[in-house]
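For 1-265, the entry in Swiss-Prot reads region 'Amidoligase domain', with the evidence type sequence analysis. Residues or ranges marked as CTP binding site by Swiss-Prot on the basis of sequence analysis: 13, 146, 147, 148, 186, 187, 188, 189, 190, 191, 222. Per Swiss-Prot, the feature UTP binding site maps to 13, 186, 187, 188, 189, 190, 191, 222. According to Swiss-Prot, the ATP binding site annotation covers 14, 15, 16, 17, 18, 19, 71, 238, 239, 240, on the basis of sequence analysis. Per Swiss-Prot, the feature L-glutamine binding site maps to 54, 353, 381, 382, 383, 384, 404, 469. Swiss-Prot lists 380 with the feature active site, nucleophile, giving sequence analysis as the kind of evidence. The active site annotation in Swiss-Prot covers 514, 516.
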């Protein structure tokens, strides 16, 4: 039977519970255990698919088409285990399912309440689908004391009593702030956070304390005494230079050993940290550096591009170079020459996005890369803008546009209304709901033999994750091919363009899918490895 590790947070939000969960999962894997990581999000949205990137950050898409929390990206990158729809649930999804059951009469006239109906639904979600696993790590979003999180805390409290003895532990991630004027770390916020947690019936087994400096013995002793945990269970989670050093840092601090001790697993098998050491060796000893411009719409919140940032770093790991990112808001290009902002960079990446704001700036970035022969990588919306720019400039159709921005007589990009998934026709209406109605998840694509994209993949059949409701119009295919831009990747039915590239350019590729979602530090995505390699070549010319 699986053992359960519940990870909660306190004092402040954005402490890194997702990263801590992922790192612990990686450490348990390194000891030979099988793990699954799951996330409970207390917000009332069904999923984060319609939430602003400025509020939620990135929407991480799974192979099975779920729009989930960005922490699932950490889980995948650290453990290599693909996440699925049922690794993430929200209060909104739970309430929707409960209300649907109530309307059907499934509760036989009972008064539907938070306890037991909501808490039972949460417990059922946590316990389902874990057969054959050694450990299930469950992260609870938000911080202890949040009103919306109370049903989740109550559910995991009940599970602590209902699971067999020795099959559930609680880890509380907290912050030890340093007060310069006092010259010391303060433990009182953590004490109050644990007091709040204990008031709802949860006694943490381990305190994982975020800090920028070593925890003195006296503070460690004080935390153990007033938080009712053993001193050895007060784990120092020191800041590190790279997130990929977190597994090693947590192992050195004794987190994985303390977790196994809390479960009574002795002696514990030694972890194999070789692949993490290999990754850090490349990060710590770069043989060069490149600068990549990210021309985006949500650059004010870097979490909106979390997987993209990590995938670029993976490309750097593969090529033994440091990747410096130059964040550029695409709107600043509109009506101006982008050259002063882009002449110094070695590669230009235009990521996904929605809506007309900043679209013209993205097209100008694509034009600059095309004309100056700078490596260009367009992803999803970025590919669409590159195609529109090519139709306007090369095919001499200045009114070319996307129907996403309004009616147009030259719809180079249009709304998808029909596509195939698993041999079934999927249909969407233009006036339908926005949530969950895009082309989501893994879809196959066929690559043209002899194309640059096929050379990069080393294959002509691939599967990648998608998140879009607009597509490039194949009616412009021949006109673009005459100008050097080819559709080098298509859906199996030949109707949906998946990849475009310029044949006479050192590296100009646009993809409709999101390759960043499948990149790993120890298995960099080939597109990002190739893009960074092209940027290295460009760095020798600039």
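Placement of Cβ uses the backbone N, Cα and C atoms for every residue, glycine included.
The structure, with features from Swiss-Prot marked on it.
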residue : record                   : Cβ within 10 Å
16      : ATP binding site         : 19
71      : ATP binding site         : 27
188     : CTP binding site         : 12
190     : CTP binding site         : 26
191     : UTP binding site         : 16
380     : active site, nucleophile : 21
381     : L-glutamine binding site : 26
404     : L-glutamine binding site : 18
514     : active site              : 23
516     : active site              : 26
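If you measure from the Cα atom of residue 383 (L-glutamine binding site) to that of residue 13 (CTP binding site), you get 35 Å. Among the recorded positions 54, 188, 191, 353, 404, 514, the ones whose Cα sits within 10 Å of the Cα of the residue listed as 'active site, nucleophile' are 353, 514, in sequence order. Within 10 Å of the C-beta atom of residue 383 (L-glutamine binding site) sit 26 other C-beta atoms, taking all shown protein chains into account. Least crowded of the binding-site residues (54, 353, 384, 469), judged by neighbouring Cβ atoms within 10 Å of its own Cβ: 54.
Residue 469 (L-glutamine binding site) and residue 16 (ATP binding site) are 32 Å apart (CA-CA, integer value). If you measure from the Cα atom of residue 54 (L-glutamine binding site) to that of residue 14 (ATP binding site), you get 14 Å. Largest Cα-Cα distance over the residues recorded as binding UTP, namely 13, 186, 187, 188, 189, 190, 191, 222, equals 23 Å. Checking each of the binding-site residues 13, 71, 190, 222, 239 against residue 469 (L-glutamine binding site) by C-alpha distance, the shortest gap belongs to 71.
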